[in-house]
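Got a structure for you, written out below as structure tokens; questions coming shortly.
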Amino acid sequence: MSSNLQEINADRRAQLAGQSGIPGLFKNPRLLRLALITTLGALCYGYEQGAYSQVLVMDAFTSDPRFARIANDASYKGWSVSTLALGGWIGALSNGYFCDVLSRRWTLFLGSIICLLGTGLTTGARNAAMMFVGRFFIGWAVGGLSVAVPLYNSEISPPELRGTVVSIQQWAIVTGICISFWVGYGTNFISETNSASWRVCLALQGVPALALAFLSFTLPYTPRWLMGQGRAEEGLKVLAWLRNLPEDSEIVQLEFMEIQAQAIFEAETTAERFPKLVGGGVWTQFKLQVARFGELFTTIYMFRRTAVACLIQFFQQMSGIDAIVYYAPTIFQSLGLPGRTVSLLAAGVIGVVFVISTIPAIALIDRVGRRPLLIFGGVGMATMLILIAALTATYQPEWNKPAAAWATATFIWLYVAFFGMSWGPASWTVISEVFPLSTRAHGVALAGSANWMTNFIVSEIVPVQLKNITYGTYLFFLMFMLMGIAYTIWILPETFGKSLEEMDLAFGAAGEGHRDMQRMERILASLQNGGDEKKLSRSVDIKDSPKMEA
């Protein structure tokens, strides 16, 4: 059987779809409000990235003997920075479990609480150990939030707005970076000896975390998570509320049927693959969650999804962007810009560039697609890395020509701009789109953990690279950026304009994919005819249902 029914439904839904991009989002204030609440988690992530880089060059911190090793030992400094990423890796992986068991909504609340704990530890740190532990907890929190936020936003959004809504996460990250850079610049003037200058900078991260904790109580569950829990009627009500349309409107019914069919499909396949892990207790459910991580590698077409998602996160980090974010003041100091205040100010411009450059991506990602943005941005970033490396190799270490130093700073700002309009938002959008319902939380978690593990490696090696190979650091990241461009051109499929339930079509229908589409055709046909699947989905827990015959 062909996938005609899926395609017919998708075409009809596309005909009924509303306006895409930012104008379409503003026509749905409910969706906009929810996206702004959830992305407070991304604001926490961005703020911590920028704040600690400012602290590392503040006189009040570097002159404190309790933190002298962090300030003066390049390797130890790298460990203090990378501890955040190590926590992020654990947080991202664990959220594959928590997002399914606790729900996407309550996982956001949990992340905010852990972030508040880490903020308290770093703000009140009396020694390096407290700073390390606090940064680990913050990493755990923001790593988990980096998974939960795009997962939640992708599942509440219609296809024509999904890229825009998920991209708001990246805008929140860079807004957090921007705020932290300028807060750090301002608190630097408090005192050159009083620790309040850096403690206030770190403490303010608790503001968005606290706001997210309270506002999590106003968030609805996602329709797809409700369907996976067998709460179909509630899922329909939430879906209609999100779309601001009656429950019986054609477009709501089409989307609801797609979600319903996907949930039944996943229930059938889970019962087939893990019959001993369906309907058990807490320990059995835990083993099922672990088994679903294994599912990401058990078939060719699932492995392709996993590889695509993990690679895009790997190349995003190996572009070198977090090397710039984490060590911006240090890098600007190395250019010979006069005084630490100037280096902090120059780093602050990065935050402004980030925020401005991300706006075009939000406007364009649901108009031109993901791949064109990634290719364009990758080429621009690669060009800037070449220019930065060339100038650094020519004028270091004296930088006796201020014009060359400021030209290099300008190229760094342009590099950040190209990232902000491409790899930043697009990579998180892609990983939220490519996985099916039963493994979506686990797939996004694994891809997010790939980002964090690569982040850990980058933040650990960069201080040593800047010290020992100087301009070679930029050539190192250039090599991976070129590989990322090649990956986008020849491997990455375009996910633009497809519903989450259509994503099988983007990854081909050969082998198991073809059998899955046959199964989906049967389920859709039965739902349209008011068959057994529809009755089952409204009366029992879908996740515990047995395999149903046509």
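Cβ from N, Cα, C; glycine included.
TrEMBL annotations: computationally assigned, not manually curated.
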When TrEMBL marks a stretch as transmembrane segment, which of 22-42, 106-126, 316-336 is it?
106-126
Do any residues, 6 or more residues outside the transmembrane segment (164-185), come within under 8 Å Cβ-to-Cβ of it, and if so which ones?
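That would be 20-22, 24-25, 31, 35-36, 38-51, 53-55, 58, 149-150, 153-154, 156-157, 200-201, 204-205, 208, 325, 328, 341, 344-345, 347-348, 350-352, 354-355, 357-359, 361-363, 365-366, 420, 424-426, 428-429, 432.
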Mind pulling out the one from 106-126, 372-391, 403-423 with the most Cβ pairs under 8 angstroms to the transmembrane segment (474-493)?
372-391
Who are the chain neighbours of the transmembrane segment (372-391) in space, where the CB to CB distance is under 8 Å and they lie at least 6 residues beyond its ends?
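Same-chain contacts beyond the flanks: 319-320, 361, 364-365, 404, 407-408, 411-412, 414-415, 417-419, 421-423, 425-427, 471-472, 474-475, 477-478, 481-482, 484-485, 488-489, 492.
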If you count Cβ pairs under 8 Å, which stretch among 79-99, 132-152, 197-221, 403-423 touches the transmembrane segment (106-126) the most?
132-152
